[in-house]
Amino acid sequence: MEQASFVTQTRLLFDREIKNLVRDKFAFLVRIVSTAVFALLFGMIFYDVGNADYDQYPEVMASFGAIANLLISTMFGVAQSSLREFPKDRPVFLREYSTNHYSVVPYFLAKFTLECVTVLLQVVVQLIVAYFLMGFRMNFFYFLALNFLLALASTSIGLFIGSCVEDAGVAAEMIPALIVPQLLFSGFFIQVSMIPEFLRWAQYLCSLTYAIRLASLFEFGACDTVSCRDLLDNNGIYQLESYWYWIILLAIAAVFRITSMVVLRSKANF
């Protein structure tokens, strides 16, 4: 059977993704509402922390904790859904791909396009609620772009894991393996300078590390107090220029998504 053109495949697959979202709109609504509720909770707990003078180390750590919690919430919220949902869609893809309905690239492009919209909406809801309650000094739109890029990197990693396993239950069991190392090496629980040197290399594998470093630069980069400088130095914020953190996050998002395509196509051909 002759395939439709690339554009037609992508358009029809995108239309189907829209219909699936509308059909399952309650689950999406719950996701948005829960994001708003958690953002409100974070905002109340860390209320006005960004308006401190940052003269005292506890003040700096309070803002750092608020930043880390928002980024962790972004990462966890989107990665969990992509990791659980993709194994459910996998049998449909394999069946339709094997009958030459469409190719891999239009399938991933259609899913990615809708994912960008839903993820952006989720991130915007979270930041509109939490950012202004916390009173951060950093630019709102820089922080929004950072959260969005972290979300895309996280969904790409979740998509890669989901494409490698056949069972949604197995994928769910792998969520801790995806999340916990990110928390341990991000500088949130322990400063990077205090992690043993033989383990410190693992920080460079974690997308959350780069996101927290960028957000820390946004919030504390112009601060000249000793407390701010200590936080930035102890967490290795200045190891790279800030643009490298953007590039690395973008590379993580791209590499894992492309690898997911390769893995899925190899399984379909096999």
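Glycine residues also receive a Cβ, built from the backbone N, Cα and C atoms like all the rest.
As annotated by TrEMBL, domain 'ABC-2 type transporter transmembrane' applies to 8-215.
Panel annotation: around the transmembrane segment (26-49), residues 59, 62-63, 65-66, 69-70, 73, 77, 81, 118, 121-122, 125-127, 129-130, 132-135 of the same chain, lying at least six beyond its termini, place a Cβ under 8 Å from a Cβ of the stretch. Look at TrEMBL and you will find 26-49 (among others) tagged as transmembrane segment.
Beyond the transmembrane segment (61-83), the same-chain residues lying 6 or more positions past its ends with a Cβ under 8 Å from any Cβ of the stretch are 31, 35, 38-39, 42, 46, 49-50, 52, 54, 115, 119, 122-123, 126-127, 130-131, 134, 136, 146-147, 150-151, 154-155, 157-159, 161-162, 171-172, 174-175, 178-179, 182-183, 186-188, 207-208, 211-212, 215-216, 219-220, 231. The annotation transmembrane segment is assigned in TrEMBL to 61-83 (among others).
For the transmembrane segment (104-134), the list of distant contacts is 6, 9-10, 13-14, 16-18, 21, 28, 31-32, 35-36, 38-40, 42-44, 46-50, 63, 66, 70, 73-74, 77-78, 82, 93, 97, 140, 143-144, 147-148, 151-152, 155, 257, 260-261, 264-265, 268: same-chain residues at least six beyond its ends, Cβ to Cβ under 8 Å. The transmembrane segment feature in TrEMBL is assigned to 104-134 (among others).
Sequence annotations record features per position, and here TrEMBL assigns transmembrane segment to 140-162 (among others). Outside the transmembrane segment (140-162), and at least 6 residues removed from its termini, the chain residues within Cβ reach (under 8 Å) are 70-71, 74-87, 90, 115-116, 119-120, 122-124, 126-127, 131, 171, 174, 178, 207-208, 211, 214-215, 218, 246, 249-250, 252-257, 259-260, 263.
Taken from TrEMBL, the feature transmembrane segment applies to 174-195 (among others).
Residues or ranges marked as transmembrane segment by TrEMBL: 243-264 (among others). Residues 90, 93, 104-105, 108, 112, 149-150, 152-153, 156-157, 159-160, 162-164, 207, 210-211, 213-214 of the same chain lie 6 or more positions beyond the ends of the transmembrane segment (243-264) yet place their CB under 8 Å from a CB of it.
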